[in-house]
Structure formats: C-alpha cells, structure tokens
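In what follows, a single structure is set out as structure tokens and then discussed.
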Amino acid sequence: MNRNNSDGFETLSWTGAGDGFLTLLDQTRLPNEVTFVNCDSVEDVWQAIKRLAVRGAPAIGIAAAYGVVLGARDEKMLGSGDSPKTAEQGCRAALAACDHLATSRPTAVNLFWALDRMRGVIATVGEEPSAGRVAERLLAEAVAIHEADRAQCAAIGRYGADLLETLGPTMGIVTHCNTGMLATGGDGTALAVLFALNERGMQPHVYADETRPLLQGARLTAWELMERGVHVTLICDSMAAPLLRDGKAQAVIVGADRITARGDTANKIGTYGLAVQAKHHGVPFYVAAPTTTFDLSITSGDEIPIEQRAPEEITEAFGRRTAPEGVEVDNPAFDVTPAELITAIITERGVIEPVSEEAVRAMVDPESTQS
Ligand SMILES: CSC[C@H]1O[C@H](OP(=O)(O)O)[C@H](O)[C@@H]1O
C-alpha cells in the first residue's frame, strides 16, 4: 500500500507551494485498489467530494480548504480565459471557489466551517503583491486546518480510549460507516478510539456494519481495521440488532456529520436505527467528533439539511442492477439521532456526558457560557 508517511497513508496531501496540487486517495476504488487522484482545479475537488472519492466530515472540510488554494489561481473561478494575476483577482477567484465548493454536499458542517475559515483569510490578504502570494497565504491556512484535525483525532482517541477501556480488554463494539483515517486528516474519530485501545494493548472486537448503500463499512472500515491489526467482523446492517440482543457488544461508537447545540446528531443513514436498538438493549451509544462538527446555530436535528443522493446508488450499486427499472427510491445519505439516545459525545476537548445543550455549549463554545 502506498504509504506517504510513517503513520500510514495520507488520505489527502498537498505537493508544492501555492502553485502545487492536492492528491487524494480515491476511496471509491477501495478496497480492491489503492489509487490516488491529483486535483489541480476547484472543479476537480468539487467532483471528488461529490462522488465520495474523498468523504467523511473532517476530510471534506480539509479537501475544500485546499480547493480554495487552487481557486486563487483558477481562471474558471473568474469566468475569464486568464488565470488570476493580481491579489484582487486572486481573492475574487478564491471567494468564488468557496461559493462553488459549498454546493458539493450539504450535511457535513465541517465543509462550511472550513470555507468560513478560508474566507476569513481572504479578507486579510488583499494587499499581497500577487495572486500567487494570496495562494501561499491560503495554503498556510489549509495546512493549519489539516494539522489541527490530525491533532484533534489523536485527542479524541485518547479521551475515547479512557472512557471505553473500562469495558474490558476484549470488549465488543459495533460501529457504522467509516470514521477512520479515510474520513479525517488523522487517525479518525470513532476509529481513532479503537486504534488507541489497540495501541494500549487491548483487543477490542469490532463489529463493522457494511453500511448500505455505498458500503463504507465493508469497503473502508474493514480495510482500515485489518491494516492496523484490529479484530474486525463484518456484518450486514440488520445483524446489529440480534448481536446487541445477544450481548456480543458492550458499546456502539459512531462518527458525525453535524451535531446541533442540544446534541442531536446527523450521521450516516442507519445510525438512528442503531441508536434505538442500543437503547432498547441497554448498550451505551457513543458519538465521536471534533468540535468542528458542531453547529451551534441550530438546536433541533430537524434543522439539519439531509443530503439526498442518486437512486442508482441503491438500484444499481457498483454497476449491477438489483431493482426494477423505474422503481421509486428514497436515498437520504444521513439520518438524525436525537440527543436522548446518545450516552456521550467524545470530542478533542473531552467527553460530553450527559448530553445537554448546556454541556454542549460549555465544551464547544465555553466563552459563550461564561457568566
Ligand atoms: C469522521 S466523519 C465520518 C462520517 O461521514 C460519513 O459520511 P460519508 O461517507 O457520506 O461522507 C459518515 O456519516 C461518517 O460517520
């Protein structure tokens, strides 16, 4: 496997200076092929996010940040034949890149958080001598976002392992979708906890939901866990309920794409059902996410925009038709788990337990709660 650093592989990496390019591990080709795609335009990044070549809330935000760097020199962002030359042109093109990238996927709030971070830098670089220097300044911000996420993943791993190690050295854990290195700029969110437990000498037995319809669990999570020597059993999504009933798992841990101020959490479709099953069987249900996944501007999960994806992802996934032509399809990419079903939320700053609006705001925006 192509490993770009000692920690493993880089889901995303930038080559060169402000005139460089973004390289993505193409997740649509896993687990059969480890291949990479180079992006040297905003549209390349937009398409990569849309088709889930790069996916996972934090990774989407990081990719978009690098996309804005590309935007500062992308003539298509100016609608002209000439690439940006002046700082004013570079800033105008980068802002257009932010607006375009914001249309790629609607649910993961990390995308919009990262774009706002980049807009903040654009507002300060208008006096640079050229568009090239604007791109350099934007690259420094994108790298900072990437490196911060890497550190956040490590902290989530530590806090989560502290919490879960009480379940014993061979605990059974159910997880859903993919929340590892492929979804972030570091070791992941929920998977970072499992990697941290493994590195502490514990042997968690992970039951990975295949996660229909795009099989992120089968294709990506099983692959990541096996690469890192973590005991994983792949199950179909409907297996989780009897597994919880039979006491084979002592916890469920998942990621998130957007968490509201009261703790309602949008995550991959199927998460809500898993939370209901965990509640019914008295199994703790944990969400692992960095504070960049929180959206304190909304309170109810009903306010979270849920991405609707193409019917073909269900009717002819991976190129084989498995449903009648013309059948009606509903294919939301996410669902919302109410805070009442969540035992705790593990962040890079600590664990929110119990989950309440007061506890969320105190962890995510402490200054807003100081009297
Ligand atoms: C660490 S965030 C991972 C999060 O993103 C996934 O969605 P998608 O594969 O569509 O990007 C899923 O909801 C994961 O929990």
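Note: Cβ is positioned from N, Cα and C throughout, glycine not excepted.
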Annotated companion of Arg55, Gly56, Ala57, Gln216, Asn267, Lys268 at the substrate site, TrEMBL, chosen from Arg105, Arg158, Arg320, Arg321: Arg105
Number of other Cβ atoms within 10 Å of the Cβ of Gly56 (substrate binding site) across all protein chains: 30
Cβ contacts of Gln216 (substrate binding site) (under 8 Å, same chain, 6 or more positions away): Arg55, Cys177, Asn178, Lys268
Local backbone state of Asp257 (active site, proton donor), from DSSP in three classes: coil
Cβ neighbour count within 10 Å of Cys177 (site 'Transition state stabilizer'): 27
Cα separation, Asp257 (active site, proton donor) to Arg105 (substrate binding site) (Å, whole number): 11
